Every structure is written in structure tokens, then in C-alpha cells.
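Worksheet for the structure shown next.
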Amino acid sequence: SAPRCHVNKQLLDVRVLKGEPAELSCTVSKDEVTGTWFKDGLKLTSMDGVVFEKEGLVHKLIINKVEDIHAGKYRFEGGDIKTEASIFVEDPPQVDKVLLKNLTSVPTVAKAGQKVKIKIPFEGRLPVRATWLKDRMELVDDTRIRVDKTNTFTMLSISSSERKDCGDYKVRLKNDSGVLEMNLKLVVIDKPQPPAGPIKIVESSANDITIQWKPPKDDGGKPLQSYIVERQQVGKDDWVTLGETPRSCTTFTTNKVEQDTSYYFRVRAVNAEGTSDALESDEVKAVSKASPGAPDPPEIVSASRDTITISWKAPRKTGSSRIVGYIVQKRKKGTTTWLPVNNVPIADKKLKMTNLKKGLQYEFRVAAVNAAGIGDASEPSQPVFARDSTKSPGQVQDLKVSSSDSTSVTLTWKRPEAKDGSDVKGYEVEMRSSNNLNWTKCNTLPIEVTTYTVKGLQAKEMYFLRVRALNDSGPGEAAELEACIKAAPPVVFPRLLIDDTVKSFLVIKAGNTIRVNIPFEASPDPVVTWLKDGLPLPNRATINTKDGTTQLLIGAAEFTDSGIYTIELQNGLGKRETFSFQVQVTDIPQSPGPIQLEQNVPNTVTVTWEPSASEKWESNLYYTVLKRESQKGLWHVVGDLIYTNKFTFTKLIPGRDYYFRVVAKNNLGASGPSETVQPWRIQKPKAEFQVKPQKYRGVNQNQPPRFLVPLKPHVVTTGSECHMSCAVGGHPPPKITWYKDSRDISNDPTYFWTNDFGVCSLVVLGVTKHDEGEYMVEATNELGRASSKAFLTIKGN
């Protein structure tokens, strides 16, 4: 027999963008095979934009411009061969290229207070989810900002723009076929902020005053042009413009002053958008030149039998002109006479003195000098002896590494032994790496405590560290050790390890402890932030974070602790991770109030009661009504899952006594009962002899079911309750059946439904994403059928 035909090259799946060409091809072993093409099981004879070609052994199906209708499974058959593949049409979000280039390359500029509208039309397979972000945070609607989203465009609207709206924005359009991201820039220009203060008085005299300020922190988005300087005489209302300075100059000198007169000065910054608010000075008085204030007491740098070296700092008050030098004085301790050490002012703030008597104790003071003369002298220094200091301190004890990580080492040690360390004034720490012979000081000032952390080290490097004690004679003998720095831990983006032990909805009894442990992983360690309803936690809450777990602890839960709690992780890598869960603090309900009974319809009784006080804080509270027919009979439930304060009982038998009881219930249990005291009785009608008239057949009152009030769509958040209701008419009373996504849920314990005289209600407790879908209520009687549908949408917290 002739060899069978077979496929040398099979059809292969093709993914193609909408609007682009596509081609399916296969190769067979015999040229005489004609073949037939099928799409989704149906034979293709002709199709718009589809061409069939045969080139020798190659069979092709060519689509010039792919549309959604072309997606599907294609099959080629010829003789005894068969091969198939699929065409997947991708239609990711797209924006007009010219508009996209304009938006991304040219910033949107607005003046402060103006409305801003950035509209981006798009195309792509629906649904397209549009997200606007600023500084990596998704924009949400508020009183000024609104984000509109439709099937054809997304738009950012700012009713009154402010400087804080400046920045980089990202627009993300996403559907099942792909993501399009656009980076936009918004610039809001405004007048500048006031110059940064305070205004400093550089110099003040009887003839002129010089002031100085700093540039504003925000120039309003436009370069500064100048500063305007004004002056007001104390006691007068008018401000006088003194002049302007260029933007590079932040000092101003005026000679328009009178001696012994006080003034206020103010400065405004100017850009192309306007003039800023003013920065005002304190009161300034034009007075004759003032001498400097007193410096702080000088400090003793070193002392020996031949020399004493002191140092000091400039006084806080420099007077009305700059300081040109300092005068130093000395005296023997116990005397009152101060003698000059230098007669000519010295510019340096340090002085070494030699003309001293060995063994005497001296005190020193310093006065600053400016153009007005010598200022006030400082308080005396600490007394110091002109003698050699004691011997160098001994070696520190028990030097060791107490902790280390990939960039630092913490050292601890003990003071030198008592005989060697009584005059220790501090410590110095030095280090060198294993490939460097030179020691580097780690601290500039003596360390007063016996611990120090050396930072800025390299991971996986060996270092030598040493510590010396210091006294007036200098450093003592060094204690030395080696330290190997750990390898840097691997970088791990923050991630919350949410599993089945972490619940998204917690019901806590009032007074019990709220304790929630959330495990996570991150390196370096993240910043952990807890929020309640978007705000910082109350002071009663305690957060403890260590060893990869963060814990929320509230000792005794109160009703006000109910809400949405959010944990946020963020470390230096810029990634943020969040998780939210709901806490409902509840308690066994309090009893309902007094019961009232009344007959609105013959042979029925309507039971009404005052609501339980627990309704104020319990959203899942409902009521159960019970009855008994004698004072000692058994109680029977006649109504349950009642979310109002009213119930009508219809099966009364005249002549019997009825007692009623109402209890409030929630997830934790039932309240104490509220009961009727007096029995309820309907009197039996008295028998009367009467002529029985001939029956008259009236108008047929039967009616098919109809919906007087239809179901309405609902949008609720995860964890909350959903109440759906409608009103049905018809006679005989219709039978009610509830469906979700075409599945009968009438007997599903997850749902609670009631039918009170045609008012039909469905309650979904603690909704989750699985409860989202289409709900239908169906009413049927012997005359017909009616239904009403509505969609339940679940939003995340």
C-alpha cells in the first residue's frame, strides 16, 4: 500500500497584538494534500480578512489584521492527517502616541489655585484598571483631588492646585493583555514663601543698621528676582520701603535711622508670580556701639610646672561690631587681684602661658574686644596647679567585643586598676585594617563612658582595635584586640508572612486581650508602623517587634477598639508591604426592653419591644421571639434572626393564653429574656343561630406573583454585613427561593433569609470575596412565577 501522509511541521500557537497580521502554517509530506481549515470546530469557507494559501507542501492561514473575532482554536485536516493550534489576540491598553509623547516629555504647568485636569483617553480590552500614583502612593479622592475612571479614559482633577501637588506622577493602565505605564510631571508655580528667619542684626549703631536673612525654603517654582526691605518705626503704623536687593544678596544696610530710636524690619521675596508674605524682625534700636558680652569660663587644655594652656569660645553677644581679639587675665586662687597676661588683644582663642610659679594654683578669665572696647570678663576657670601632672594612666581592663554586625563593632572595657586610673579623664579608640599599618582615631573628643561603637566598617574584613585611657599627662598604654566583621546579610524585600493563623476578621469579647502576632521577613530591618482606621494607634495599644515578628497587644478590649488595623513594613530598599484586618469588640448582649402586645389584624398579635442597649455597639445583633401557651408550659421559638424590634405571630387559637419572651443574640451568645407578665388571649366568638344565606361566588382574588419593590445592587466592604430586601405580592402567597449565581441557597446555613408578609430579606454575615456575585429571588405560586436580580460587589478594606 502507498505510504500514509503525515505532518512534517505542526501548527504552533500564535500570540498577536490586535490589529497586527498573523499566520498559521504547517508542512505535510505529500504535495497532493489539499486540506481543510476549521475554527473552534467549524469548517472555514470564507472569513473577512482571512486568506488560505498552499505553497507546495506548506499550507498557510493568513490574517491581515487580527481582531477579537479571530481568537480561537484552529485545525488543519487533510486526508488522514490533523494538526491544531490557537491564536490568542492580545489587546493591551494603548494611548495615542502623540498624546503619550506630549504628556511624558512636557511637564503640565499650573498656577497655584488653578484647576488642573489631565485626561488620558485609552483603548484596550475591557476591563482596564487605571491607577494614578504620586511618590509611589496611589492617589485617593479627597476634597481637592478626584480620579475619574471610565471604559475609555481616566482623568485626574485637582480643584485648586497647591505647591505640594508638584512632583512625578505615574499612570498605570492594566488589563488581561498587559500593562502600560506613563510617567508625568506636574509643576505648580506660586509666589515664594517668606524668607527664612530669623532676621539677624549683623551690626547696629547710632547711624546705621545692617540686617541679614536666609533665602526662602520654597521659591514657588520660579527663580527669585529680588528682595524688598521695609522698615517701621515702633509706635507708628506706616511701613517705609528702604530698597531692594538682588536675589544673590541676603544682607541690607540702611542709614535712614535716628539714634536711640527703635524699629521693626521686614523682608519679602519676589519672583515672576508675585511677592511673598513678609518675614518680620524683633525690635531693633539704633544705639551707640556696644561692647561684647562675657564669654563662657575658659577651659584648661594642659598644665605642667612651666606652662598652662587654656582655650575659650567666642561670647554669644558680640556687641554692635565684630570681635577683633581677646584679653586674658590671671590670679592666684584665694586672691582678688586680676593681672593681665596680654596687653595687646590676641585673635586666637587659645593661649599658652609660661610666666608662672611652680606649685601655685591659678585661675583665668577672658574678655572679648571690639570697636566699642573691652567687653565683660568671663567667670573664672577651674583652678589649676602649675606642676607636672600625675603619671600616665594604666591599661584599660577586660577589653572585648560586646556586639557586631556587617558595618560596626561595639567595644566595652573597664577602667584601669585603682592605683593607675584615679585621674582618668576619658578614653580614645583607634583602629586599623589588616592591610594597613597606620592607626586611625575613631573619636575626636575623649570618651567619658566605657563603651564605644566603631561604625563604617567593611563586611568580611579583619580589623585591629585598641583603647587607651587619658589624663592630663596624655594617653596610657593601649589594650588591643582583633575583630572580624560579619558578612552583610542578603537583601530581602519586606514581606509579611500571612498564613492561616493570621485572621482577617477577629471577634473579641469586651474585657479580653487583643493579641495579634504578624510574622515577617526583611533585611535590613524594616520600619514597622501600625495604624487603626488610618490613624496612629491609641496609647492603650502596645507594639513589640523583634526576631521577625511584630505584635499588637491591647490588655482589656473596649468597644472603641473595634476597627480596621493596618500593619506597614518599609525598609531602605523602597518597597512597602501592608496587611489589614478587622477587629470587632463585642459582648453578650444586654436584655431587650419591655414588651408590648397589640392586635392589628384579627387572630394575630404583634410583639414589639424596646431595643437592647447593645445595639449601640453591636452590628451583628438580632432577636429571637419565643412563646408558650400556659404559665408553666415549654417555650418554643416562633421567630428568629429578627433585625427589627417588631414581630407578628399569626397562629393564635382563640380562648388560649399566650406568654411571649424576647432575647437578644450575637456571635457570643444570648442575653437574658424580656417577658410578658400578663397572658394574651383572644376570646372565642359566641355561637349564634342564624339563617345561612346562599353562598355568593365573588370575584376571583387570585393573582400571579409580582415584585412591588425589586432587589437593589449592593457594594459592601470585606467583613461587614449585607442586608438585601424586596417586597412580593400575589395570591396565594408565593413560595420564595433565593439563588446565588444560579445556585439554590435557600437551605445554605451561610445565609439567613426571612419572609414576613411578603417582605423578603437575605442577610450575609461577615462577607468575603467569595460572596460576590449575582443574587436572585424567585417567587412562585400556582398562577405563575416572577424573579428579581441584583449584583453584590465586595470591596477590600
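A Cβ is built for glycine as well, from the same backbone N, Cα and C atoms used for every other residue.
Since the structure is predicted, the reported quantities are computational estimates derived from the model, not experimental observations.
TrEMBL annotations:
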| type | residues | note |
| --- | --- | --- |
| DOMAIN | 3-74 | domain 'Ig-like' |
| DOMAIN | 194-290 | domain 'Fibronectin type-III' |
| DOMAIN | 294-393 | domain 'Fibronectin type-III' |
| DOMAIN | 395-490 | domain 'Fibronectin type-III' |
| DOMAIN | 494-586 | domain 'Ig-like' |
| DOMAIN | 591-685 | domain 'Fibronectin type-III' |
| DOMAIN | 705-793 | domain 'Ig-like' |
| REGION | 377-401 | region 'Disordered' |
*Same chain, outside the region 'Disordered' (377-401) by at least 6, Cβ under 8 Å from its Cβ: which residues?*
294-300, 303-306, 308, 310, 312, 329, 331, 333, 338, 356-367, 409-417, 419-421, 423-424, 427, 450, 467-481, 483
_For the domain 'Ig-like' (705-793), I need the partner stretch with the highest count of C-beta pairs below 8 angstroms, choosing only from 3-74, 194-290, 494-586, 591-685._
591-685
*What is the number of residues in the domain 'Fibronectin type-III' (395-490) that are helix, strand and coil, as DSSP sees it?*
4 helix, 47 strand, 45 coil
*For the domain 'Fibronectin type-III' (294-393), DSSP counts of helix, strand and coil?*
0 helix, 41 strand, 59 coil
